[in-house]
Amino acid sequence: MANHLFLPLISPMLASALALLFARDKTRMVARVIVLASIIFNLIYSIWLLWVVGNEGIQVTQGAGWEAPFGVTLVADGASALMLCVATLLMLVTVSYSFASLDPGYENFFYYPLLLLLLLGVSGAFLTGDIFNLYVWFEILLLASFGLMTLGGSRPQLEGGLKYVVLNLFGSTAFLVACGLIYGTVGSLNMAHVAERMSSVTNPGIVTVIACLFFFAYGGKAAILPLFFWLPTSYHTPPVAVTAIFSGLLTKVGAYSLYRVLGLVLQDELIRLAPFVLAVAGLTMVVGVFGAMAQMNVRRILSFHIISQIGYSLMGLGLASAIGLAAGLLFTAHVMIVKTALFFIGGAAEQVYGTGDLKKMGGIARREPLLSIFWFLGILSLAGIPPMSGFFGKLALLQAGINQGALLISVVAAFTGILTFFSMLKIWNEVFWKKSYGDMSKLPRVTPGLLWPGAILVIISFALGIGAGGLVDYSQMAGAQLFDRAAYISSVCGSNGCEAVVDLALR
Amino acid sequence: MLLSMVLFAFATSPLGLLARREPRALVGWGLALLPFALFVVLCTQIPTVVGGPPIVETLSWVPALGLELRFSLDGLSLLFGLIITGIGTLIVGYAGAYMEKDIGLGRFLVYMFLFMGAMLGVVLAGNVLTMFVFWELTSVTSYLLIGYKHDYPDARRGAQHSLLVTGFGGLALLVGLLMLGAAAQQVGVPADQAYNFDTMLAAGSQIAQTSLYGPAMAFVFLGAFTKSAQFPFHFWLPGAMQAPTPASAFLHSATMVKAGVYLLARMAPGFGDTPIWNYTLVAVGGFTFAFGAFVAFRQYDIKALLAYTTLSQLGGLVLMIGLGGKYGAEALVTLILAHALYKSALFMTAGIIDHETGTRDLNRLGELRRLMPRTMVIVGIALLSQMGIPIMLGFVAKEWALKAALESNLAAPWPMVGLAAIMVAAICYIIAAWRFFKNAFLGTAHPDVLQRNVHDPKLAMLISPAIPALLSILLPFALPLVSTFLSPAASAVYGQSFTFDLYLYGGINQALLLSLGAIVIGGALATQERRLASQRIIASISGAQLFDRLIEGMLAVATGMTRQIQSGRLRTYVLYTVLAFFVFVGIPFIFYGLGDVRTIQNDTFYFYEVVVIGLIPVGVIATITARSRLGAIIAVSMVGAMMALVFVLFSAADLALTQLLIEVLSTVFLLFLFSVMPARFRNFSPTWVRWRDAVIAVCFGVLMSGLVLASVSTTLFQPLAPYYLEQSVPGGKGANVVNVILVDFRSLDTLGEIVVLFVAVLAIFGLLRFRKQRNDVRPSGRTLQTILPGEAGFLTGNAAHEGDSSTPVGKAKENMP
């Protein structure tokens, strides 16, 4: 029993309630300290968890003490630990960027509690071992993200927020229906138990359809083609910090759930559906990047890239192998970091200029050399240029694809890279290299508070590239764990499996 | 040592920033000591490499992906390494003097040092993935150098072209290399060594038998051709001349553009000598050789002229690799050395002319022989070498190239193709060289030149081109030495160790005659250079413009597509989403799920069940057809009430209660909201849209019913529900099993749902209050309407919550005996 798995859930839950009490002008610092303390605690915990999972294997605990297939189980394996760690790191950086960039009104109206609740939802989704419980965490993060997106209440925010919430609720409904159907068919919601029971179902049937339904539901959350409409329509409306953390977390939870539920629980169905998944992956990559090429606004370009990169995560899933999942996890972890960094840096430039319109910006390379250096390194990482972390994500994916003989998707993935680069260079050319048309001398300078959150993430991306050996090993361990149903089942239900537990209990 | 050399180059790159300070010329030569140190270290390795096997060093980096920092030094690497560090030394010193007045010199030198480290990495790498890492870095640093004067649109355009083309090639190369690695693993090379050059090349003949070989080579060729500016990817190289001259001289003539050639030469022993290899390389290389030379002598800009001869020369190198054989290898390494020497000298002198006269336009120069005599001598020597005039190094190299074509073992037309390309290029080089020399140094001066005080530059600048130019004329007197130095390089290309001897005069033979013939014809045509240059034959082919069109076309497609997809209307999005649902779920259901749909066995319905269930569609239809909002609300409540009744009929009292509560609450909300809206609905959609939507809605309903029927009727496994019933009292201390499930068995879910409510309250309260405080709310009459999204979120959140937790519970109940 690894009861410590509850800690990363309790901490933001408590802290958000406490911070709520101090959400007013006079006690602002108290609230900030509480928020920071909670997130730092979670970060330390998640790093420790990485280490524990790496050394001791999968960590399991049972909610309310009911043995495995009957209660709600929390499980941390390599994939969960990795995602949890990256997500918490991003949250920490986001909070510090928010300190520097947001006006006080946000703080008084529960901005930080909502951020913590978002973290709660995300952490819960990463740690749960129960399909319906996953749904609950999804609801929390959906509502928290909706709150963050519309906080401020400007008209574009509300319009974007409406589309966001309606389309996401459609996905949630599909998720809920899928939960019901899988319960109706398999008779359990515990992931390990479902996986165990599913391994005895060999013929395609209604379960294949349910797997497709899960693919649709999580795919909508992950913004795959053609379910991504909610993303570019809403992501450029809220404050930069919000967009940045959304880009790092929201779609990635969807991708993670795809990995967890299709990659582990419904593995046979995934193998059956693999060509379809790969086709969607390829189309998502291409359409996303084409969308980015067509935009003339910093955050819109970055938003469309999120879609394109989800295609890569999906490619890892579609390879339907331990190595493929490992590569996909590596890529996803990398892109979470870099994408958030780029939103911060682009957002800092936007904040200085008061606009994100490429045509109106310019001259930042001369004016803000540090910001420019980090932006450039960031786009190198996004485009997968060594030695930044992006290269290794791409390399792992392409290698897995080519070694498995999935040549077409690998070639598409490779050449999408150059289009990504192209659309990012557009920002570089227009915002950084081009001469500014107007007089820039009266504009404010980028403060260190706006600069360093993005910079530190870029530095992390660089460090992950230099130290890629360890990261790749860890991701391969995580991928192997994710693909190994037997080991997962025995960690959750004991070495005889969940069915034995059920038999014993109902004898 | 190799690793530390590369690391040294990277680690010392920030020192370039020292050149921000005056006196820049002096600082420049001081910094030139850094590459010079590397040059000296490499020189000390010459004896080891000439005599023995390659030096190999490895450092583990990402073993799981087969990527280790593996460096190896053999003859070929050494040749390139010496060119990089040697010319690098001269260039850095030259740059200090050339850009003496440029505050950005520091930044420029940082890029140059980074590039040098990357380029060293490429030629020293002993693992294809290691090489690729550095390969990409050369593309990126080249981009930064070309775009150095980024205030100018042309510089940005040139930089972008170069990066897109070489980046595209880089990705192709990566795919190709990974395919080769996969093929190596297929033929039994262990995974951790599959990406090492030596093991890969050793397994080359087996890899060539696999089906991956063809596509892999296609991608590798793409990578090499883009990097080395082969037709039709050549256009980025003239565009790259936007870089400051030191960078052009270093990257775009001496080093980076040869990376593609290097890669092909490196792979030749393992993967060469197949039809794909030979014919592709001879065709592409030969064409580029002739084409570049042909275009070169029509240029007015000195740098453009040099750029075209460079890409021609790169074509020549590719041709040599394609021709293969010992002579091919010998000619290749000799050409590389000769070209590096004379071309860097020419570029640097072009920079000097530009620096002193302020122009590189051959029409605006003239009579510099009087004003810049020393420069003239250097240019003259370098041009003689380029033309291949006897006793210059270029002459030796040309003769060997001719021999390679004459002695080639390829099938019939191909050696002749190579020979023809060499002859065309040799003739055109002479015209181009003469054009450069005559228009710049002879004739009468252009008025612009006379207005400026034009003179030879100071020694700090002049010495850099002087050294390679002098070497071009001095090395032929030490040919035995040069041969011993080049032999290991040629061996590495050929694949077997052998030595050869270069000579200036080996008796009258075909090659010599052809070489002299080319000189005579070239000399004759050179007198007509102005008339030749004015002929517009193929000048209209501008790759750069075509590429721009391609990009514009892609952008247009992207914009059109995005406008189609991202229309901005929620109803369209919902429509697409539902259609996607049909594709993602409906089609699999038809293929896999239909078999599982079974009719429900228990077909004895009670009368009241039929009534209750029959009223649901009535309510739905009434809602849709209602003309007034109030009517719609009433009709929709009927649906809810009937749902509650269904729960009652199946004895789920608490569910029925919950359902009723929600119904009441949502009716209240709806009434509240609709009080600020018009009382009656208005119809905005055309009839066909309504019919389309109706069809989609019915399909959706049928699909969902099918799904439920199929999954409910296939219960394959033992239900868990008995456990909950059994444990409810002893374990959960509660007689109401639903309650126990909610607060004990699945209490974590309930906790989560409570948090959901909490989040909803926070979000909506914050949204509404913050809006009010911010004062950017629209005039009061509209506020209630714009609140709608928030309220909707609250409603759906609330309803979803209750609906959710009931689902597993409901199922659990159904399964109860």
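Here the Cβ of each residue, glycine as well, is placed from N, Cα and C on the backbone.
Annotated domain 'NADH-Ubiquinone oxidoreductase (complex I) chain 5 N-terminal' per TrEMBL: B:65-108, in sequence order. Residues annotated as domain 'NADH:quinone oxidoreductase/Mrp antiporter transmembrane' in TrEMBL: B:125-413. Residues or ranges marked as domain 'MrpA C-terminal/MbhD' by TrEMBL: B:615-678. Among the features that TrEMBL reports, domain 'MrpA C-terminal/MbhE' is placed at B:690-778. TrEMBL lists B:798-817 with the feature region 'Disordered'. For B:29-50, B:71-96, B:163-187, B:207-226, B:247-264, B:416-437, B:458-482, B:502-526, B:573-593, B:656-674, B:694-717, B:751-770 (among others), the entry in TrEMBL reads transmembrane segment.
Of the candidate ranges B:207-226, B:247-264, B:416-437, B:573-593, B:247-264 contributes the most Cβ pairs within a distance under 8 Å of the transmembrane segment (B:71-96).
The stretches the transmembrane segment (B:694-717) and the transmembrane segment (B:751-770) are not in mutual contact, being linked by fewer than three Cβ pairs under 8 Å (pairs 6 or more apart in sequence). Only residues 6 or more beyond the boundaries of the transmembrane segment (B:247-264), in the same chain, are considered here, and those with a CB under 8 A from a CB of the stretch are 76, 80, 83-84, 87-88, 91, 94, 108, 111-112, 115, 119, 122-123, 131, 135, 138, 142, 145-146, 148, 169, 173, 220, 223-230, 237, 240-241, 281, 303, 306-307, 310-311, 314, 317-318, 321, 332, 336, 339-340, 343-344, 346-348, 351. Listed as Cβ neighbours of the transmembrane segment (B:502-526) (distance under 8 Å, sequence separation of 6 or more from its ends, same chain) are residues 330, 334, 387-391, 395-396, 398-400, 402-403, 406, 419, 423, 426-431, 433-435, 476, 479, 482-483, 486, 532.
Here the transmembrane segment (B:207-226) has long-range neighbours at 135, 165-166, 168-170, 172-177, 179-180, 182-184, 186-187, 200, 233, 236, 260-261, 263-264, 267, 270-271, 274, 276-277, 280-281, 284, 318, meaning same-chain residues at least 6 beyond its ends whose C-beta is under 8 angstroms from one of its own. Sorting the domain 'NADH-Ubiquinone oxidoreductase (complex I) chain 5 N-terminal' (B:65-108) by DSSP state (H, G, I as helix; E, B as strand; all else coil) yields 29 helix, 7 strand, 8 coil. Residue counts of the domain 'MrpA C-terminal/MbhE' (B:690-778) by helix, strand and coil are 69 helix, 0 strand, 20 coil (DSSP-based).
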